[in-house]
């Protein structure tokens with residue numbers, strides 16, 4: 001494989017990883033702080049994408065669409081947290097899984113009812129169309145590059161927020177000892193709603209960004225949700241750093257696996273079998289990565305021992 | 001105690017009476033619905049062994065359901081195309097015989113469950129949920145990208161497989177076969193729950209320190225339960241594939257895992273007959289709500305949410321009036 | 001020490017900068033009750049975990065019945081006859097009292113992976129189970145659900161389950177915790193009879209019970225054993241008085 005193509009795949013992997021991080025960050029925060037496993041996180045991703053597509057169709061502005069995705073997903077998050085999630089914090093994981101599975105059914109069918117079964121399309125704005133020239137003669141699509149930069153910026157912002165701000169301190173305290181946060185006089189209910197809304201907004205934002213590359217449709221959230229699960233299992237539940245490293249690892253493994261494995265098998269078999277075996281193995285590669293990490297570190301790379 | 005036993009018996013009688021009545025009224029569609037309920041019940045009984053009796057919240061049982069389905073699909077595909085399954089130093093042909101298919105499905109899904117369990121049980125709690133979900137998804141994507149057996153489109157089998165000279169294409173005959181399998185599986189699980197293994201497994205679920213203090217490793221108990229659980233769900237997968245005469249990657253999808261879990265929960269976790277009630281109720285809801293609205297999943301979601309938040313004993317729990325079944 | 005049933009040889013365990021166990025050597029001899037006392041935070045639970053097998057020492061060995069069990073799991077140690085009771089009752093709460101003791105008898109006999117027997121109709125197990133219940137005085141509640149038992153009776157049930165293991169040694173973590181005067185008296189009488197069956201390593205806060213029962217007492221302070229001796233010797237030891245009994249007098 002020519003080096004330039006390899007670098008392009010590397011960037012694609014990075015872009016995918018950065019998106020996965022936006023999903024995984026919310027999941028891992030919600031689990032770390034509230035001890036809640038939220039299957040409906042993928043629905044918030046979908047809601048963000050639909051909000052963006054509807055706004056873009058109505059106003060023609062991509063930036064407005066992005067803001068709408070953040071706002072609508074956050075509002076949906078607040079509503080869900082206040083009506084359902086807060087009844088689940090003290091329940092066992094089984095109840096949480098079932099209740100959030102029920103929410104997926106409600107959200108998916110509700111969206112289908114509102115928007116129909118046909119996919120919507122969210123167009124990238126004119127100023128992000130086409131490719132741009134990077135150093136060393138690499139050309140890369142502007143929009144994907146923008147996703148990488150925006151994703152990295154959000155990640156940096158999230159790290160800063162958790163390290164430096166008041167709410168960040170409360171979140172970290174909440175991860176260590178829930179009762180202590182209460183004793184410190186923090187309004188727990190408000191903190192939980194805020195954390196949930198933050199995670200929801202990030203998921204919705206990711207949905208909108210990806211919606212412009214793929215189509216916006218019902219059921220788009222769950223595959224990403226499951227990948228985000230793989231990410232936080234690899235990174236260690238509750239760890240933002242783990243989520244970031246895990247997301248990049250998964251993004252790179254998946255993307256590079258899809259492009260490199262067929263080529264690799266092509267060295268010693270004919271092209272069509274190589275493509276078949278290579279792409280089948282590539283579809284399993286991240287799960288194999290997860291299994292490997294589990295064998296050596298059952299609590300993930302950065303999970304608490 | 002008496003009430004729950006009566007309820008269980010009533011449930012089995014009802015499940016038999018409905019298709020028989022449908023036969024008299026010539027409502028063949030109802031027989032198919034009842035067959036679906038019976039097969040889903042078997043899948044749920046499998047999951048319930050891990051989930052209800054072992055406390056292992058597996059969101060990846062679609063893997064075993066799908067493996068069972070594809071065991072049927074692949075064997076029958078080779079039989080109907082007259083191509084050998086394996087042609088190496090020896091030849092293995094496909095088959096259209098149900099018992100052989102059942103055995104293959106059960107063994108294949110048991111082996112998969114042993115492997116997935118051995119890896120996933122290194123962790124617990126929420127990690128376990130996510131990992132089982134991820135492994136299920138792995139099979140899903142593998143079947144989609146592996147073109148030999150239809151890939152995304154799945155495999156169609158033209159004639160239902162055979163069983164001891166019966167006409168299996170006759171709906172009521174196929175129902176009877178599935179119903180007999182349900183009774184066999186119910187008997188098996190009822191025995192398991194009352195055995196030494198069942199006692200130890202339940203103790204491990206309730207308190208891991210306790211089971212270690214009496215000299216048993218929880219891991220081994222869980223792994224055995226998970227393997228048997230996967231095998232039973234795999235058998236259900238083979239029956240389901242035979243009912244539809246079709247297998248596709250959908251059987252492996254995470255929604256399938258979620259639905260199997262719903263059968264268990266609707267009926268009541270940790271009750272041997274719970275999944276039977278749950279699967280029957282699911283089919284009933286699907287039929288009634290599905291007739292009311294195209295978007296019936298919204299109502300299903302709302303009902304499920306209500307049960308989780310307010311009625312934790314499930315259907316049998318509501319009717320028998322107790323939250324947890326005594327053994 | 002040839003007659004030591006259970007012994008730790010120079011066990012050391014650190015968590016980062018904190019050394020929770022410093023070179024602890026301790027033995028339990030046939031027929032005795034050996035009490036381990038120490039103020040809160042002295043490292044008693046860390047030591048118990050290393051003896052029972054849920055924590056592995058950084059260095060040193062645990063010898064049980066002549067076997068080096070340092071690397072064995074908690075379950076393997078239990079099978080060798082280490083009968084333990086927990087500080088916080090660890091019972092199968094949804095099970096009946098009888099099911100809990102049958103579980104113990106089953107763990108000892110083996111055959112846990114029998115899939116089709118009727119375990120609650122197994123006469124061999126039921127006999128062992130009923131004997132154990134009889135011995136701790138729980139026969140009257142044999143069919144009661146464990147979650148409905150009073151706290152004191154749960155503690156007795158823990159002892160009964162340990163008994164079904166035919167233990168070569170008991171390891172009891174605060175069996176009197178939370179018992180009233182009457183409950184403590186019953187438990188003291190029970191342990192007093194049990195020591196003939198197998199020696200008891202007793203971790204206990206109730207000093208009256210300790211001094212009434214123990215043949216020997218070891219005092220653990222800041223992860224170290226500062227003294228081992230008879231009740232009289234321990235009472236007279238100035239180091240112990242300063243480190244431990246002084247604090248006891250304060251509280």
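Any Cβ shown, glycine's included, is placed from N, Cα and C.
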(request) If TrEMBL is the reference, give me the range from B:197-218, B:219-240 marked as transmembrane segment. (result) B:219-240
(request) Answer yes if the transmembrane segment (B:7-25) and the transmembrane segment (B:126-149) have at least three CB pairs under 8 Å among residue pairs 6 or more apart in sequence, and no otherwise. (result) no
(message) Is the transmembrane segment (B:219-240) in contact with the transmembrane segment (B:169-190), using at least 3 Cβ pairs under 8 Å (sequence separation of 6 or more) as the test?
(response) yes
(request) Six or more residues out from either end of the transmembrane segment (B:126-149), which same-chain residues have a Cβ under 8 Å from its Cβ atoms? (result) 56-63, 66-67, 70, 73-74, 77, 116, 119-120, 155, 249, 252-254, 257
(message) Below 8 angstroms Cβ to Cβ, which residues of this chain, lying six or more residues outside the transmembrane segment (B:100-119), approach it?
(response) 60, 63-64, 67-69, 71-72, 75-76, 131-132, 135, 161, 181, 222-223, 226-235, 237-239, 242
